[in-house]
Amino acid sequence: MGGSASLLPREALGEYQELTFLTKQEILLAYKRFSELLPKEERENACSARVPKSQILTLPELRANPFQHRICRVFSTSGNGDDSMSFEDFLDMLSVFSDSATLDIKSHYAFRIFDFDEDGTLDRSDLEKLVDCLTGQGEESRLSNAEMEQLIQNILEESDIDKDGTINLSEFQHVISRSPDFVRYDVLQLHGLSRGGLSGGFAGVGAELWVVVGQGYPVRGNRVLRELCKILSRTG
Amino acid sequence: GGGGRVPCCAPGRLPAPQPPCFLPLAEVFLPEETHGAAPVDFLQQLPSYQSALRRRATAGGGTQERRAAPQGPAGVNKQADVKHLSGGKQWRRTSSKSLKKVLSEVKEFSSYLKLWRHDIHSIEGKFGTGIQSYFSFLRFLVLLNFIIFILMFSFVTLPSIIAKYGMFNSSFAKIPPKNIEPHCTVYEPSGNKGLIYFYDYLKHLLSGTGFLEETSLFYGYYTIDATWISIVRYNVPLAYLLATFAYLALSLIWIISRSLEGFKQNLVHAEDQFQSYCNKVFAGWDFCITDPNAARLKHRSLRYELQTDLEEERLKRKIADRTTKEKLRIYSLRIFINVIVLAVLLGCFYSIYRATFFSQENSNGVSNMNFLVNLLVQYLPSIVITTANIVAPQIFSFLIRYEDYSPAFEIRMILCVFLRLASIGVLLFSLWSQISSCNTDMCKACGYNYELYPCWESQVGQEMYKLMIFDFIVILAVTLFVDFPRKLLVTHCSCKLLQWFGLKEFRISDNVLEIIYGQTICWIGTFFSPLLPAIATVKYFIIFYIKKVSLIHTQKPAARPFRASSSNFFFLLVLLIGLVLAFVPLGVSIAHIPSSKACGPFRNFNTSWAVVPHTILEFPKPLQQVLYGIASEAFAVPFFMVICLVMFYFIALARAHKRVAEQLKEQLAMEGRDKQFLIRKITEAQRHP
C-alpha cells in the first residue's frame, strides 16, 4: 500500500505535520480513510475533493455519535452550507481529536460543537439540545420538562460565573479544566481498516488514530497567526 | 457572532480556526459591536484561570510546550519559547510515543492470554459495563478457586497419595493415638459393602457418603501422621494446617489488592459532588462507542444517571424540609417495619436450625428409606436455605417501600447479603451444637459426640459438599425450567398477563450474591474437604456459560443500569465480608472443638491447632524463645498500641486532607465571586471610557 503514500506529496505531508497535532503515520492513515470515502474516479485528487456529509457520517466512529451533525458543521469549510468536508477539514478534525492536542483547544472545539445556534454562548436552548443528544433521540428517552429545568438550573449554577444565564467560552473552559472525565471520554478512536491491511509504514496494531472532540487546535506554530497576535498585544 | 474564521495566508491550506485569543478580532476592529461576550474574554488573563490551566497541564504531562500557544495576549510573551519544536524536543516526543506504543502492545498481548477475553468483551459491547463486571467477577472467582485447589492439592493431597501408594520409595506411618479411650477411635465408613444398586451409587455421589467418603475428597482420607518421601520427612498434619492458613491469606490479599482500586475511585466519586452535573453533561459521552447497540445503552445509562441524581437532590430537599411531626411519623414507621424484618430474619434462621437438626438425626444410618425421601432429608438444610433466600427478599422489597429511604441507601441489598451469609453460619452453628452435645461420660472423654460423628470433620465436609452441589443444581434448574419456558411463553403466547410479566431481568446484585454465597461455602469447606475448590472451579466455569446463554437468549438487561466502578467495589466488599465470615467457623473448628480421634491427620492432637505448638517445641531453643516472646503479652500490648497510633495518624491525615479540600472548594467559590465583581467593573469601565 505504498501507493497511497505516494499520492500525498512529500512537502504537503511535511506541512500537515507542522500544522496539525498528527504524526506522519496518522496523516497517511487519514488520507487512506478519506480516499476510501470518495468514489473511485475522484481518488486521484483526494487533496482537493470534497466529501459530502452523508459519506462522512458513514464512518463507524461518527455513526453512533450523537454529535455527528455538529461535528461536521463545525469542521466543514464549505461555503454553501452543505457541510461537506475536504481533506484538510478532515485532517483538521482528526488533529483536534488527537491525544497530543491541548486541553485549551479541545475545550474550544467542544464549546463550538455544543453551541447549537452558533451565537457564541451556550444558552438554555443549547443546553437543552445538548442534554437531548446525550439521553438519546426519541420521545421516551428525553427527560421530562421539570427534570430538564432542574438539570439546567444545576448546570448554570455550577458553571455560570457572571450569572447572565448563559455559559460563554471562558466559563466553559474553566469548568472543563476541572472535569475529571473530559480527557478520558473525549477520545474518538479511528480504527485502521483491518489489522492486516496496514502497510509497513504503520506500527501494526497500535496504528489507531485518537480523535478527541474539542481537544485539538490544528494550527500550531503558525507563524502568521503568531505575528498577528504579537501585533495585537502591542496595540491592544 | 463569534464564529468567523481567520483564513490562513494561502487559500486551500488548512484554515485556522479561531484560537481563543482571536475571538475578539471582530470586536477589536469593529469597536461599536460590543456585546455581552466581549469583556468576559479578559477572564483569560485572570490569574485563577491561568493557574487552573497550569495545574491541568502539569497533571496531563507531556504537552507543556504547546499549552502556551493559544493563549490570549498575556500568553503571547511565551510564544517566543515555542518557536518550532526543536529537534531534541521532537525526538523526545517521538520516543515517548513509541515507548507508549510498545507498552500498549505488551499490554494487549498479555490481555490475549486472559480467559474468556472475547466473550466478556462481546458482553460488554451488547449489555454494558454493569453486566460485564459480573462476568469479570465470575472469571476472578474461577481463577481464585483454581489457585486454591493447586495449593491444597500440591501440599496436602499429592503427598498423601504418594505415601499411600508407596510411590517414589515413600512410606507413611499411622501412629495410634495414646491416652485416648478406644471407643473414640472406632470409625467405619460404610463403604463398598457388597453389591451396590445404581441409585445407591447416585445417592452416595450426591450426598458424599458411602464410597465417596473414603476418597481424598474428604478429611477422613488423610489419616496419616507422618510420611517419608524417599528420606525426606513430610509432616502431613502441619502441612494440612498451614495450607489452610495459606489459602485464606492468599484469598484475603488478592481480594484486598483488587478492591483497592475500586475503593479509591469510590472515595473520589463520593467526595467530588462539586461539579457532578457539568461533568456528566459536558464530558458524559464516551466517544469510543461505535456500535449502535452500545450507543443506545450509553444513552440509557446517561439518562438514568441524570434522573437518579436529580431525584436524589429532590429527595434531599424533601428530607431537609421535613417537619418534626413528619420525622416522628417516619421514624416510628421505620422502627415498626424493622421489627417485622427482624422477625422474618429470625424465623428464617430458626427454620434453618431445625431443618439441620432434623436432617442430621434422620439421615444417619437408616438405609431402608426410600431413595428419594432419603435424598430429600439429606438435602433439607440446603432446600430450606434456598427457599428462605428466595422468599425473604420479596418480603423485604415489599416492606422497604414504606420506609422512604433515599434510593442511594440500598437497605434491601444489605439485608439480602446478611441473610445469605448468616444462613451458612446458622447451619454450621446447628451442626456444632449437635457435634458437641455430650451427655454421657464416655462422650465427654472424647470431647465430641463419637456415636453419631466418629469423624465429624468429614461430615461437616459432606454438608458443605451437599450445599455446593445443591446450589449448582438450583442455578441449572432455574435456567432450564424457569427462564427458557418463560421466554418461550412470552414470545409465542400473546396473553396480556404474560406480556406484562415480560422477560426476566438480569439483576446483577442478586446474581453476584449467589456466587459469593457459593464461594463462602467453598472457603469454609476446603478445610474439611480439600478437593472442594476443584469442584468450585468446575462449577463456576459451567455457570459462566449457563449465565451467558441465559442472558443472551432469555433475559433482558435491567432497566436501571449499574455504575460499574462502584459495583465492582461492592462485589469485592461483600466477598471480603464472606471471607471474614468464613474465618469464624474455621477458627472455632481448628482451635476449639477437639479433633476427631478416629480419622484425619490430627488424631494425636487435642485440637487441630495443637500441631503448631507441638512443632514449635521441636525448634531450636533460641527460636522457640523468640516465638514465645512474640506471642506473649509483653510484645503484643506494645505492638497493638503502635498499630493504634499508626491508625490514628492516618485518620488524622485523612481528616486534614478533607479539610484542605473543603477550604479549596470555598476558595474556588470565592474566586467566582471575585470574577463577577471584576466583570462588573470592567463592563462599567468600558461603558464610560
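Heads up, the Cβ atoms here are built off N, Cα and C, so glycines get one too.
These numbers come from a predicted model, not from an experiment.
So that you can see what the record holds, here are the features copied from TrEMBL:
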DOMAIN    B:455-565  domain 'TMC'
REGION    B:54-79  region 'Disordered'
TRANSMEM  B:140-162  transmembrane segment
TRANSMEM  B:238-256  transmembrane segment
TRANSMEM  B:335-356  transmembrane segment
TRANSMEM  B:376-399  transmembrane segment
TRANSMEM  B:411-432  transmembrane segment
TRANSMEM  B:464-482  transmembrane segment
TRANSMEM  B:569-593  transmembrane segment
TRANSMEM  B:626-651  transmembrane segment
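The recorded stretches the transmembrane segment (B:464-482) and the transmembrane segment (B:376-399) share 3+ CB pairs below 8 A when only pairs 6 or more apart in sequence are counted, and are therefore in contact. Sorting each residue of the domain 'TMC' (B:455-565) by its DSSP state yields 89 helix, 6 strand, 16 coil. The listed stretches are B:140-162, B:335-356, B:411-432, B:569-593; of these, B:140-162 has the most Cβ pairs under 8 Å to the transmembrane segment (B:238-256). Summarising model confidence by region, the domain 'TMC' (B:455-565) averages a pLDDT of 85. Residues 133-134, 137, 241, 244, 248, 251-252, 255-256, 258-259, 262-263, 265-266, 417, 421, 424-425, 428, 432, 435-436, 447-448, 456-457, 460, 509, 512-513, 516-517, 519-520, 523-524, 527-528, 607-609 of the same chain lie 6+ residues outside the transmembrane segment (B:569-593) yet bring a C-beta within less than 8 angstroms of a C-beta in it. Residues 115, 168, 170, 172, 216, 221-222, 224, 227, 229, 234, 236, 239-240, 242-243, 246-247, 250-251, 254, 258, 515, 519, 522, 526, 530-531, 533-534, 536-537, 540-541, 544 of the same chain lie 6+ residues outside the transmembrane segment (B:140-162) yet bring a C-beta within less than 8 angstroms of a C-beta in it. Residues 341, 345, 348-349, 352-353, 356-357, 360, 381, 385, 388-389, 392-393, 396-397, 400, 403, 405, 459-460, 463, 467, 509-510, 513, 516-517, 520-521, 524, 574, 577-578, 581, 584-585, 588, 593 of the same chain lie 6 or more positions beyond the ends of the transmembrane segment (B:411-432) yet place their CB under 8 Å from a CB of it.
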